[in-house]
Amino acid sequence: MPDPSTYRPATGTIPVDPGVYKFRDPHGRVIYVGKAKSLRSRLNSYFADVSTLHPRTRQMVTTAGSVEWTVVSTEVEALQLEYNWIKEFDPRFNVRYRDDKTYPVLAVTLNEEYPRLFVYRGPRRKGVRYFGPYSHAWAIRETLDLLLRVFPARTCSAGVFKRHNQIGRPCLLGYIDKCSAPCVGRVSAAEHRKIVEDFCDFLSGRTDKLVRQLEARMQQASEELDFETAARLRDDVGALRRALEKQAVVLGDGTDADVAAFATDELEAAVQVFHVRGGRVRGQRGWVVEKAGDVIDWAAVDSAAGSDLPLLVEQFLTQFYGEQAALSGAADQEAGSSGVPREVLVPVLPPDAEQVQEWLSGLRGSAVRLRVPQRGDKKALAETVQRNAMEALQQHKLRRAGDFTSRSAALQGIQEALDLDSAPLRIECVDISHVQGTDVVASLVVFEDGLPRKSDYRHYAIKEAAGDGRSDDVASIAEVTRRRFLRHNRDVGVLRAEAAGADGDQASDTDGDQVSDTDGDQVSGGDGGDLAPEAAIDPQTGRPRRFAYPPNLYVVDGGAPQVAAASAVLDELGITDVAVIGLAKRLEEVWVPGEEDPVILPRTSESLYLLQRVRDEAHRFAITFHRSKRSRRMTASALDSVRGLGETRRKALVTHFGSVAKLKQASVEEITAVPGIGTATAKAVLTALGAEEPSADVAGVGDDEPDRTGPVTAERNGADLPREPVGQHGPAAQSASQRTGVE
């Protein structure tokens, strides 16, 4: 355990200015980031008598091996830098307000000619407007189904829209008046966009105006004796009122605000946030954060309050709204939709309330108020959110108790069954997927403490063991194993070279051939040997290197041949501290290298259940990547081969000319009429389509090398139309140890 006095800065070297500091452990990892009005006062508090420090702070300073700081001009700048560093380094001793799931939102693709409404989970995209988040996807679908009779906008995918446009008939929603059927020209693009804009206005809270307009149209239709239209409008008004009933008014003044509440114990804190727009609750989200290893700057806590809640509130505000502003900025939403409301209601004000309020105002672009509700509707709503937070914490503790017990039992059972030195806290599993030797891919999934660590998942495109319609599953397992562990050995070699003062010619984490989420190769940069834990950290960033941590248990999906192949690779690389097993399907036998008979785990054991989940997750991940790779190959376009021609400009070309066949007949001058297409690009397009003989000066956009495009044959393209499936051949994709199909 490091002694804080060994890395304490010399007296007088710490400035008294405001700034941000970070503690690193002996391996260079950033473990805590904090800010202070006076760096000297704050940092000196960490180097007091260790026995007088709070237990969480004591754990942090005894884990750290060094401290660094950066001086800033203002406290608001310190707040921004602290947020950026926490986001970049993900320190283990900082509270991280991250959702434990991706909440569904209602997305409106305003960047398309015919905007689409759909339920969405995932990163924000430019030109798409989002409403939510919501707790359940079914709630969005129920409301959307109710509103489609009033706002019959498109909800189908691009493929469905194109198909019905080609056949000239609308889908079922078009026949039952829940879609205006722009695919068959029932409404124009401008009319359809007006419908979508009215829908967005309704969800944004501008409801009274829309209801009054419908009522006026209903009255006019009635006066004109058009009772059928009047009855339909009457039903539309009723549908809107039912939708409004689902969102009861909670703040009578039509306030736009977020209401946050916290429920804490000694180890964890539950956070609940209600998003109120136009006086109605439009969304809700909640999560639980760990406090067991989190440091609170007790010197900054009001001793009279005797609580760490103000610091938790400050960390929540900076992290949560920093992420929201970043997402809204990436989505290029309208002004005022930065994700930061005009008012944020919190249980207590943060210590630096004025600076936090100024920072939030900068994110929004207009004034933001931080308030503690004292009476009335806002106080009542805050109490409701607080009850939700307390209930969420209680439910989380109940689930965690049962889940932690079962995971501990599973890991201990695996250790005993396989006679391991310690419980396999990190398990990696590899699986192979292909269709009759084509599009051969592999997946590698990672479980830590019995839970999936999806940020460490990796894809591989098999190269050496596949090709020309052949596939050797055993050789594929060996290839993936070699590439995975060569990467680790290379990191060891890089660290040793850096320690020896090697120059920048050595391999780095980004050069050479690397494992990526697609299909990178591996090159060896190390000399094998036992795995060194210090190789796991990039000294430049303090963050873990990709694939740097070795597993305690390496699982292959298969039987004795696959296990023998993986074990032989590890022996070849000199790796001795990684256990290898194989899990065969059907009988669920656990194969160990060098053993003639498999290990049989009880069918009802938690250990077998954990291994099955790991294996099935690898199988799912491999098949997902295989399908994606196969789909890209089967829907390839001749334009894909034009270097420098991206997806946006490809779509612009096809939209302008109508098809690849017509594009092929166009001249260079006609192609350059498309915005963003220059002469060199136009020549490269015609060369790729085989419209003229390829020449050296049109090899690609901005490329002086010889032509690499060439005409695309029917074998690759399969059709003149871009990105149209050309058919599916062979049986469904199969895994290395399951030949019965993808599923």
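Each residue, glycine too, has its Cβ placed from N, Cα and C.
Keep in mind that this is a model prediction, so the values were computed, not measured.
What Swiss-Prot records for this protein:
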type     : residues : note
DOMAIN   : 16-95    : domain 'GIY-YIG'
DOMAIN   : 208-243  : domain 'UVR'
REGION   : 497-543  : region 'Disordered'
COMPBIAS : 506-520  : compositional bias 'Acidic residues'
REGION   : 694-743  : region 'Disordered'
COMPBIAS : 734-743  : compositional bias 'Polar residues'
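When averaged over the domain 'UVR' (208-243), pLDDT in the model lands at 78.
According to DSSP, the secondary structure content of the domain 'GIY-YIG' (16-95) in residues is 35 helix, 19 strand, 26 coil.
According to DSSP, the domain 'UVR' (208-243) comprises 33 helix, 0 strand, 3 coil.
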